[in-house]
Amino acid sequence: GAGLFTAWKHLHWECKGDFGHQHSRYNPLRDEWVLVSAHRMKRPWQGQLEKPPPEDVPRWDPKNPLCPGATRANGEVNPNYEGTFVFPNDFPALQPDAPEPDNSGHPLFRAAAARGVCKVMCFHPHSDLTLPLMSLLEIRAVIDAWAELEAELGASYPWVQIFENKGAMMGCSNPHPHCQVWASSFLPNEARLEERTQRQHHSQHGVPMLLEYAEQEAHRKERLVVENEDWLVVVPYWAIWPFQTLLLPRRHVLRLRDLCDSERDSLASIMQRLLIKYDNLFQISFPYSMGWHGAPTGPHLQEDCEHWQLHAHYYPPLLRSATVRKFMVGYEMLAQAQRDLTPEQAAERLRALPEVHYKLRPQETV
């Protein structure tokens with residue numbers, strides 16, 4: 001909309017303002033606003049308290065369908081894998097041979113074909129490990145598997161969504177370290193939205209939006225969490241979730257498959273550093289939903305996608321502690337998103353945390 005570039009131009013002086021008072025911030029990637037009300041963190045909490053995640057997950061459980069050698073719901077037996085393991089989702093949301101929907105005969109009742117494939121990818125054979133507790137070589141293997149899946153499925157499908165739901169709070173029904181990969185015959189809503197806003201910015205400014213944004217955040221450092229020579233992680237200026245982060249490459253990259261060896265190594269490093277900080281924040285296995293967004297694939301591989309920039313979103317729900325989460329209800333559902341601490345405050349808290357996992361630190365003696 002018309003507010004996109006006006007808000008972008010005013011970002012500099014807004015960043016220098018007093019964020020103790022409520023104000024709205026513009027998200028140019030989604031063409032929407034978020035209400036920031038930092039003073040609400042002072043209100044007492046008498047709402048729902050979440051249960052911390054269990055600490056006693058067994059390393060191997062024959063009844064866990066994601067474990068090596070275990071039997072899945074469809075009767076197939078997993079191989080005794082020692083690294084990453086990819087298999088078709090036994091309960092897929094998308095199937096390649098779905099029929100065309102019937103025509104309703106009225107424009108208010110539209111339906112469209114939705115075809116695709118859904119895969120599950122185990123990160124590691126051990127159920128009691130998560131990404132921040134894996135070695136850099138093991139994380140690098142996950143990144144390579146992501147890129148391979150994106151290339152394989154993206155050869156024919158327009159969109160390949162890699163995403164991880166970590167923790168029961170985020171709907172994960174299995175503690176084994178894994179993610180999902182859904183390839184679809186259509187561009188999902190979020191992809192279509194980011195396609196439009198990034199194309200519009202590139203058309204008017206001649207530079208990819210998120211490449212320009214990364215350069216600005218690297219210079220300002222107000223919302224920077226971690227960085228290295230190839231990547232940076234920020235709490236975005238327009239963040240909705242309390243400790244939401246955005247992982248960005250420093251150079252122009254369209255898709256995961258385009259990353260060179262050194263960039264994949266540095267990606268493994270910065271992911272590990274971020275996720276250790278997340279766990280250290282409340283000293284739990286930190287829940288989140290994350291996912292990669294890059295240039296569309298399939299037929300779009302032959303198109304000009306220079307307006308796109310590869311990036312990953314991390315959306316963690318926790319707000320005040322391991323037991324108090326942020327709810328998106330009421331005003332958020334009926335009006336617009338609202339957050340209870342500024343992105344600068346969230347970034348400062350994350351930035352200050354140690355980069356040694358709390359489980360691996362020497363125990364203090366009394």
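Cβ coordinates come from backbone N, Cα and C, glycine included.
TrEMBL annotations:
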BINDING   40-43, Ala73, 89-90, Asn165, 171-173, Gln180, 326-327, 331-332, Gln338  UDP-alpha-D-glucose binding site
ACT_SITE  His178  active site, tele-UMP-histidine intermediate
BINDING   Glu194, His293, His311, His313  Fe cation binding site
DOMAIN    195-360  domain 'Galactose-1-phosphate uridyl transferase C-terminal'
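Everything TrEMBL records as a feature, shown here on the structure.
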residue : record                                       : Cβ neighbours (10 Å)
Asp90   : UDP-alpha-D-glucose binding site             : 13
Cys172  : UDP-alpha-D-glucose binding site             : 16
His178  : active site, tele-UMP-histidine intermediate : 21
Glu194  : Fe cation binding site                       : 24
His293  : Fe cation binding site                       : 22
His311  : Fe cation binding site                       : 21
His313  : Fe cation binding site                       : 20
Lys326  : UDP-alpha-D-glucose binding site             : 20
Glu332  : UDP-alpha-D-glucose binding site             : 16
Query - Cα proximity to His293 (Fe cation binding site), best match among recorded positions Asp90, Cys172, His178, Lys326 - result: His178
Query raised in the report: Which value does the mean pLDDT take for the domain 'Galactose-1-phosphate uridyl transferase C-terminal' (195-360) in this predicted structure?
Result: 96
Query raised in the report: Compared by Cα position, which of the binding-site residues Asp90, Cys172, Glu332 is the closest one to His311 (Fe cation binding site)?
Result: Cys172
Query raised in the report: Among the recorded positions listed here (His178, Glu194, His313), which has the Cα closest to the Cα of Lys326 (UDP-alpha-D-glucose binding site)?
Result: His313
Report summary line: Rounded Cα distance in angstrom between Glu194 (Fe cation binding site) and Glu332 (UDP-alpha-D-glucose binding site) is 21
Query raised in the report: Between Asp90 (UDP-alpha-D-glucose binding site) and His313 (Fe cation binding site), how far is it from one CA atom to the other, in Å?
Result: 26
Query raised in the report: Other than Glu194, His293, His311, His313, which residues of the chain come within 8 Å of the Fe cation site, judged by Cβ distance to the Cβ centroid of those residues?
Result: Leu29, Glu190, Leu210, Leu246, Gly291, Trp292, Gly294, Ala312
